[in-house]
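A.B. asks: Here it is, the structure, as structure tokens.
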């Protein structure tokens, strides 16, 4: 049946009220708590008689630019593969990331950069906020096309909070090394999204199956996202690392790992594809797995060969996951993973965490020299052995999976609240539910768009 006036009125009010409420609350919190850090404040910087060339801005801003482009352009276009969901993929990415940047500045600030009663911000806090937005967008990929914008904003509100807590536990309390976020970003975001998708399982999603695929031009748009992510991923992994050899080493490892994952993806895609043909879904996603898998070990002495081997393995596992494991997830476990985040972020993220365990176990004073202090300060100080650091790395992975699973379950329950607007089963993956679409576009299978009243999920 056609859309009811009550439903239309609810949509008209729900998103604006939520946006204004969240923006108003964050603005008040910014006014009360957020201040410049010593590298941004005019009085504090010049009081120290520093040279402007020494300001952290000039060392960190190039990496920030790259990470920022990855979040808004890379992730947005990568998710634009659905034939009738391009506006929503790009637009909701824009909305979620913009809110997550503000909210994560507050959450991470209270946990990491608080001085007295104030949160001090600068270019490094901007980079860290982008990382949190990346985790939120990974989870968004798991439920792409199946949730409304108001639901997604509440998802970002909850996930940003839990992301900050998990990151604080791993990096500050456990002393885990995870500069590129194999655990804190990719594993957390993927399994948060997968559990969320399981709680929001739609048994009648077959009604929208005809929209779930791509068309030629939508795959080209998604490939633009892949290229942006692939090119800038070395900056993503190296942005928070210590300036100098550690950052240089991280870029090098990510660079080689991505090349290896690309070759393994092309090889496996042709091998398992029908008639030996390549699958664009594999190329768009699994080629990026090399960046995910070296997120934890990137700044460690992984070696260039180790980076190649890790990237090749990640590309292989990711491609096979898209081909064989994604259908099993839906059929056996009732997890409807729209973007396949389990294959691009979940499994490679876990592999990256385990790679970090192995490389940390092999850390020695002979291999790192005086650089051991910048990579493993607790080992250098004699407070931990390499074996102990490896066990902490492994425990960090388990903690991340726990936070992601619990958080995804809570998020699913939150998004199932009956007053929240969500697309009905027959109109998932459809832009016209939430957007004014130019032209007289008609659904090829069902004629002009008709929005049903949503059925309350049991």
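Just so it is clear, glycine is given a Cβ too, placed from its N, Cα and C backbone atoms.
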A.B. asks: Taking 126-145, 326-345 as the choices, which stretch does TrEMBL tie to transmembrane segment?
C.D. replies: 126-145
A.B. asks: From 304-325, 348-369, which range did TrEMBL mark with transmembrane segment?
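C.D. replies: It is 304-325 that TrEMBL annotates as transmembrane segment.
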A.B. asks: Are there 3 or more C-beta pairs under 8 Å linking the transmembrane segment (152-174) with the transmembrane segment (67-85), counting only pairs at least 6 apart in sequence?
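C.D. replies: Between the transmembrane segment (152-174) and the transmembrane segment (67-85), which are separate recorded stretches, there is no contact, as judged by 3 or more close Cβ pairs.
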